[in-house]
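Student: For reference, the structure I am asking about is given below.
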């Protein structure tokens, strides 16, 4: 070891003795590469010294220990140091925890997901609310908030002098009351006479409303396994939200994590789904420190947005009762310039290709199956637009026996009839099933069921021999017995987003068909 190395070691030792913080000067500055599979686990974990043996203890629920942990990936956790667990409760819809954190003040956790903290919630809520109100081509007066029962989004909306009416529609009134009790920043908001509170599912409340709004804000949980997926569908945007906006109205929604490694969880999919319903869609992001990642929001409208930084600053000065802590015109415009990775990813989410044939080889639409793939909305708005002009959609359609066809077969047939001009069902006996099984083809072009033509195509186009089918067998399979024919003609059930059940239940080892 050289003299220089020895001198450096002595210097570091002396500095450490007299200035202990020297080696931690960069403690507050760090970067995390986060990967998210949207199956997050929540726990509060004690420090290793208190555990005695250093064993890695992970609790399923908050239990008053020192660290709130949110598992983002099998190898990555995001942790906040705690002072205490202030409150825990559960409603019919979700579980709620209020934590006192050392860095961010009180933190709200719902169903294991960190929602916001006292220290930086303004970043999330200013971004959720103000861009839509400030780039609007008119002066917005009416706003409908989906979710947001804690009042933070409404608080930001009511900063605008010209607002005449704000509706908060939250399905879980009890949780909203608890949030207001323990997160006290929004107490004044609920005394504002312009605010109305409604307890209902936002979709159903909008459907029955005769009013149209300048802005509709989505402040709901992400569309994951526990979230309100039906509020994030093309059908909802196209058939519910869009018709309830005024002619130049704007829809805006929170859109989940928008980091380099996390944006594919929901952000890019929500963006692409909105693109199917609105001609103008703009995504924007901001770093929210307590989330440990960038977060995203998405604007959508049938009118082009007015994205002028100077004009936005003028509106802030004229229309708001008080200044904004995070946003101004330049920041709003800059937030809409996404990094290259996000821009590229959004393009990858879009499939511009059309297909000759789309095949559905999925489980039956029972309680455990992918019911949304069998709905009229899916056939009409997703599958059909992705077929070429003479394309054919075909799906397995469950048991098709004399006594079993009413489980799903006849309903799938009738649902496809609502979306396609030509629909043909066909069946075959599959010995291991102990029953006849069904498939259904659908197209907007007539299908050629000529035995000789089919045999010619088999000979010309196929490299191997078919073991079961030839022209006569294919055509004969489309001739259903009288019971099935009559049943298909009389079937009235249709699978929709609202009625995604057909009375069919599957259990391991047991298949039951309801009469």
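Yeah, the Cβs are placed from backbone N, Cα and C, and that goes for glycine too.
Just lifted these from TrEMBL, have a look:
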- 219: active site, proton acceptor (ACT_SITE)
- 361: active site, proton acceptor (ACT_SITE)
- 65-302: domain 'PABS' (DOMAIN)
- 346-444: domain 'PABS' (DOMAIN)
- 1-25: signal peptide (SIGNAL)
Student: Around residue 219 (active site, proton acceptor), how many other CB atoms lie within 10 A of its CB?
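Tutor: Excluding its own Cβ, residue 219 (active site, proton acceptor) sees 24 Cβ atoms within 10 Å.
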Student: Using Cβ atoms only, which residues of the same chain lie under 8 Å from residue 361 (active site, proton acceptor) while being at least 6 residues apart in sequence?
Tutor: 395, 396
Student: For the domain 'PABS' (346-444), how many residues does DSSP put in helix, in strand and in coil?
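Tutor: Summed by class, the stretch gives 33 helix, 37 strand, 29 coil.
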Student: Over the domain 'PABS' (346-444), work out the mean pLDDT and round it to an integer.
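Tutor: Across the residues of the domain 'PABS' (346-444) the model's pLDDT averages 89 on the 0 to 100 scale.
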